[in-house]
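**Student:** Heads up, here are the entries from Swiss-Prot:
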type	residues	note
MOD_RES	Met1	N-acetylmethionine
MOD_RES	Ser119	phosphoserine
MOD_RES	Ser200	phosphoserine
MOD_RES	Ser390	phosphoserine
REGION	60-79	region 'Disordered'
REGION	136-160	region 'Disordered'
REPEAT	201-240	repeat 'WD 1'
REPEAT	243-282	repeat 'WD 2'
REPEAT	285-324	repeat 'WD 3'
REPEAT	327-366	repeat 'WD 4'
REPEAT	369-409	repeat 'WD 5'
REPEAT	410-448	repeat 'WD 6'
REPEAT	459-498	repeat 'WD 7'
Amino acid sequence: MVEEVQKHSVHTLVFRSLKRTHDMFVADNGKPVPLDEESHKRKMAIKLRNEYGPVLHMPTSKENLKEKGPQNATDSYPHKQYPANQGQDVEYLVTGTHPYPAGPGVALTADTKIQRMPSESAAQSLAVALPSQTRVDANRTGPAGSEYRHPGASDRSQPTAMNSIMETGNTKNSALMAKKAPTMPKPQWHPPWKLYRVISGHLGWVRCIAVEPGNQWFVTGSADRTIKIWDLASGKLKLSLTGHISTVRGVIVSTRSPYLFSCGEDKQVKCWDLEYNKVIRHYHGHLSAVYGLDLHPTLDVLVTCSRDSTARIWDVRTKASVHTLSGHTNAVATVRCQAAEPQIITGSHDTTIRLWDLVAGKTRVTLTNHKKSVRAVVLHPLLYTFASGSPDNIKQWKFPDGGFIQNLSGHNAIINTLAVNADGVLVSGADNGTMHLWDWRTGYNFQRVHAAVQPGSLDSESGIFACAFDRSESRLLTAEADKTIKVYREDETATEETHPVSWKPEIIKRKRF
């Protein structure tokens with residue numbers, strides 16, 4: 001069906017074309033709205049009243065500001081006079097410890113220090129700029145002050161209203177005073193860490209690491225689907241555990257029982273009895289890969305996080321799922337537990353951190369400051385604070401409500417892991433194989449490490465997936481993409497003189513987040 005076009009007369013078409021031309025070239029749609037004089041006057045009057053109301057109508061005395069002939073009246077603001085100026089406008093000589101010339105570029109001489117009194121039109125501005133009575137008294141009685149009055153003149157008296165304004169009206173002016181900018185506190189000196197040992201044995205990426213409470217051995221999980229137990233002192237392999245059918249993503253050793261817990265990309269969470277070296281419990285419920293796990297320090301509770309956007313709380317003994325913590329909109333990459341509230345902290349690929357109520361199984365606080373995935377969270381062992389790692393920044397927070405403390409900028413990579421010890425050394429490991437060490441209190445980056453990959457590995461397989469301090473905090477262990485575990489320890493020969501703190505105080509920028 002063809003739609004009929006309505007026909008118009010030539011007269012109508014011409015005038016429509018003319019209107020379009022006027023709208024394009026003559027119309028004033030883009031011009032600013034003309035100024036309304038009446039509203040502009042009211043606006044200026046209100047501004048004057050608000051800003052200058054207290055001093056807008058000051059009482060001025062013409063006799064005190066201008067006089068003819070000899071000294072026939074008391075000068076309200078006394079100055080010394082020249083006797084040669086009898087019968088003329090009185091000229092004043094301002095004397096004191098800091099004389100000023102009459103204008104810029106004028107040499108400072110006895111003549112150029114003479115200033116003529118202001119005219120009546122300038123009297124108002126002079127009255128506003130008068131000093132307070134307290135300041136005049138201090139100048140008059142000070143050791144280097146000058147006498148600003150005529151011989152025999154009475155003490156300077158100022159109107160009561162002016163006194164109250166100048167003495168109490170410093171509220172607005174206080175914002176104009178220069179305040180000392182806060183500076184970064186000096187960081188504590190920490191000895192540098194150096195590579196001590198490289199342990200090889202896994203056939204795939206080493207994805208997780210944990211040290212047992214007795215500090216005798218440590219355990220690692222790998223992409224080769226095995227869990228290996230190593231002697232901490234010698235670095236020798238003690239035991240290999242097989243059972244997972246995909247990459248092992250998390251391991252942890254219980255402090256309350258001889259159990260080892262592991263999780264992997266096969267959706268399985270296993271409990272291993274280390275007396276028999278076999279699996280005694282499975283925890284079923286996650287719908288996708290399990291990325292991390294942690295044990296509650298005082299309760300028999302296990303918490304796991306998964307790619308299915310949930311974290312689950314398990315009863316260790318009964319294998320029952322106590323709570324399913326739902327709220328994240330993407331994979332939950334890391335989880336941490338503590339005895340104090342909030343007892344569970346999760347970080348997710350949806351860029352948020354959530355603090356959970358363990359009893360209710362609900363979110364207490366959601367932190368949205370990060371702009372990219374949060375892959376690592378670490379709790380300080382002594383302070384009531386924690387840190388989170390993301391490709392945009394490392395951020396420090398304080399419990400219980402997640403108050404922001406500071407940013408630790410400079411590690412420009414995807415941060416996979418964080419670790420901190422009681423001395424305040426924070427370690428961040430990234431996917432490009434770099435490891436940065438920070439002072440926890442000040443956020444000062446005192447060392448950067450990029451260890452060489454194991455011979456035979458590709459350079460692209462340089463990456464740190466996990467790191468942990470041993471129980472004595474004298475050794476740092478890293479799980480890396482070149483299929484090795486690297487052990488670092490402090491350089492015992494280093495001193496503050498050989499490795500000084502390169503501390504350059506900066507003005508701290510007040511950042512919102």
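The backbone N, Cα and C atoms fix where each Cβ goes, and this holds for glycine too.
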**Student:** With the cut-off set at 10 Å between Cβ atoms, which of these modified residues ends up with the most neighbours? Options: Ser200, Ser390.
**Tutor:** Ser390
**Student:** Can at least 3 Cβ pairs under 8 A be found between the repeat 'WD 7' (459-498) and the repeat 'WD 5' (369-409), with each pair 6 or more apart in sequence?
**Tutor:** no
**Student:** What else in the chain is close to the repeat 'WD 4' (327-366), if you only count residues 6 or more beyond its ends and a Cβ gap under 8 Å?
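**Tutor:** Hits for the repeat 'WD 4' (327-366): 288, 291-298, 301, 303-311, 313, 372-379, 384, 386, 388, 390, 397, 399-402.
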**Student:** What does DSSP say about Ser390 (phosphoserine): helix, strand or coil?
**Tutor:** coil
**Student:** How far is it from Ser390 (phosphoserine) to Ser200 (phosphoserine), counting Cα to Cα, in Å?
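**Tutor:** Between the alpha carbons of Ser390 (phosphoserine) and Ser200 (phosphoserine) there are 29 Å.
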**Student:** Going by DSSP assignments with H, G and I as helix and E and B as strand, what are the residue counts for the repeat 'WD 2' (243-282)?
**Tutor:** 0 helix, 22 strand, 18 coil
**Student:** How does the repeat 'WD 4' (327-366) divide up by DSSP, counting helix, then strand, then coil residues?
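**Tutor:** Taking the repeat 'WD 4' (327-366) as a whole: 0 helix, 21 strand, 19 coil.
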